[in-house]
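According to TrEMBL:
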ACT_SITE  Lys206  active site, proton donor
BINDING   Leu11, Gly12, Cys13, Gly14, Val15, Val16, Gly17, Ser18  NADP(+) binding site
BINDING   Lys106  NADPH binding site
BINDING   Glu191  L-homoserine binding site
DOMAIN    352-428  domain 'ACT'
Amino acid sequence: MRTRPLKVALLGCGVVGSEVARIMTTHADDLTARIGAPVELAGVAVRRPGKVREGIDPALITTDATALVERDDIDVVVEVIGGIEPARTLITTAFAHGASVVSANKALLAEDGATLYEAAERHGRDLYFEAAVAGAIPLIRPLRESLAGDTVNRVLGIVNGTTNFILDRMDTAGAGYSEALDEATALGYAEADPTADVEGFDAAAKAAILAGIAFHTRVRLDDVHREGITEVTSADLASAQRMGCTVKLLAICERAADGRSVTARVHPAMIPLSHPLASVREAYNAVFVEAAAAGQLMFYGPGAGGSPTASAVLGDLVAVCRNKLAGATGPGESAYTRLPVSPMGDVVTRYHISLDVADKPGVLAQVAAVFAEHGVSIDTVRQKGRPDGDGEASLVVVTHRARDAALSGTVEALRKLDTVRGVASIMRVEGE
Ligand code: HSE
């Protein structure tokens with residue numbers, strides 16, 4: 001057992017950072033035994049130095065993050081400040097000064113992971129980021145290491161707790177979107193500005209990271225098709241229930257059937273109640289991985305919060321420290337397949353479309369003809385006249401699998417029909 005401690009610099013001391021510092025102190029003996037050397041908090045960079053931080057020696061607090069990462073005695077930098085800059089410069093500077101890095105920064109990894117990987121490799125250091133996707137759920141390491149000998153074909157997950165909470169309330173309590181969002185805000189799930197969650201940006205960043213690792217190629221945030229949940233209505237949930245489904249915001253990363261490209265997308269979708277993801281309630285996350293040899297695997301747990309995220313950070317910290325003592329590094333970037341990311345139009349899936357139509361002879365045939373012209377095969381149709389007898393009806397069409405581009409063409413043509421008063425909703429159907 002080495003007695004000289006490994007030195008850790010912490011960038012950020014908010015909900016996650018303070019929990020990392022606390023566990024490093026309270027579990028110091030266990031961490032020492034597991035690593036083979038003590039780990040010591042050597043500095044904590046914060047924006048507000050005056051704030052009282054229980055359990056942290058005030059002498060360790062600094063506002064000069066750059067000076068901290070430039071110290072040559074630091075073995076590991078833990079970055080939990082988030083955002084693109086200054087995080088990116090601080091991380092690359094840390095590598096240049098000989099430290100390995102543990103990061104929880106999904107936005108930066110999704111936007112410019114390549115720069116971080118390249119800097120880590122150039123300086124022979126580790127870059128670990130289990131906490132960047134789905135909080136405490138072990139997902140990055142299983143994909144990077146446990147499944148390194150397999151071929152992952154699909155990753156399908158609920159990776160945003162706030163939107164899962166909102167959709168769950170809409171489903172189980174019959175709440176409208178605004179009411180469910182208010183409840184999520186009151187309970188502290190949704191932030192004052194909920195855009196990143198409800199518009200799917202947070203989930204899209206996670207999808208980019210997962211797709212890149214799963215398919216050994218580079219996938220950036222811009223490559224991910226993104227739709228949020230702000231337009232999901234109580235009527236959509238009711239329609240889903242009638243089909244034996246529920247609605248989830250899904251991150252879906254797929255290898256094309258011919259194996260020559262991949263897709264990554266985030267959007268609300270109906271999934272059958274029999275699918276394991278349908279039973280993921282409240283703010284929990286779950287990710288379903290399909291691999292050629294392993295088959296179907298599911299990872300489930302708390303996807304956010306101080307303690308769960310700190311758990312993932314500390315797991316990485318132990319791994320990085322062990323590598324350091326062994327004079328080794330863990331896995332770096334694996335992007336050798338160079339598979340291109342196809343546009344959303346190439347995605348093949350099923351669709352649930354609700355139309356408001358004129359209730360008169362020939363309308364159903366006219367609508368069906370538009371689907372046929374675009375090569376989209378209909379699975380089921382349900383029509384319901386309005387009780388007020390206003391000459392209009394609701395028509396719900398569920399298709400067989402079709403290309404997204406063909407479906408978009410169909411919807412565009414339907415909107416031009418005089419007999420179609422409006423397209424009430426379009427939702428993809430997944431997980432069958
Ligand atoms: N805001 C995210 C969520 C957690 O609701 O899941 C951080 O990624």
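Glycine too: its Cβ is placed from the backbone N, Cα and C atoms.
Locations of recorded TrEMBL features on the structure.
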residue: Leu11; record: NADP(+) binding site; CB count, 10 Å: 26
residue: Gly12; record: NADP(+) binding site; CB count, 10 Å: 22
residue: Cys13; record: NADP(+) binding site; CB count, 10 Å: 24
residue: Gly14; record: NADP(+) binding site; CB count, 10 Å: 13
residue: Val15; record: NADP(+) binding site; CB count, 10 Å: 14
residue: Val16; record: NADP(+) binding site; CB count, 10 Å: 26
residue: Gly17; record: NADP(+) binding site; CB count, 10 Å: 26
residue: Ser18; record: NADP(+) binding site; CB count, 10 Å: 22
residue: Glu191; record: L-homoserine binding site; CB count, 10 Å: 13
residue: Lys206; record: active site, proton donor; CB count, 10 Å: 29
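Helix, strand and coil residue tallies for the domain 'ACT' (352-428), in that order: 23 helix, 34 strand, 20 coil [DSSP]. Here the CA atom of the residue listed as 'L-homoserine binding site' lies 16 Å from the CA atom of Val16 (NADP(+) binding site). Cβ neighbours of Lys106 (NADPH binding site) (same chain, under 8 Å, six or more residues apart in sequence): Phe129, Ala132, Val133, Asp202, Ala205, Lys206, Ile209. Taking CA atoms as the reference points, Gly14 (NADP(+) binding site) and Glu191 (L-homoserine binding site) are 15 Å apart. On a Cα basis, the residue listed as 'L-homoserine binding site' lies 19 Å away from Gly17 (NADP(+) binding site). Listed in chain order, the extra residues whose Cβ falls within 8 Å of the Cβ center of the NADP(+) site residues Leu11, Gly12, Cys13, Gly14, Val15, Val16, Gly17, Ser18 are Leu10, Glu19, Val20, Ala21, Val80, Ile81. Ser18 (NADP(+) binding site) sits 20 Å from Glu191 (L-homoserine binding site), taking the CA atoms of both as reference points. Spacing of Gly12 (NADP(+) binding site) relative to the residue listed as 'L-homoserine binding site' is 19 Å (Cα to Cα, whole number).
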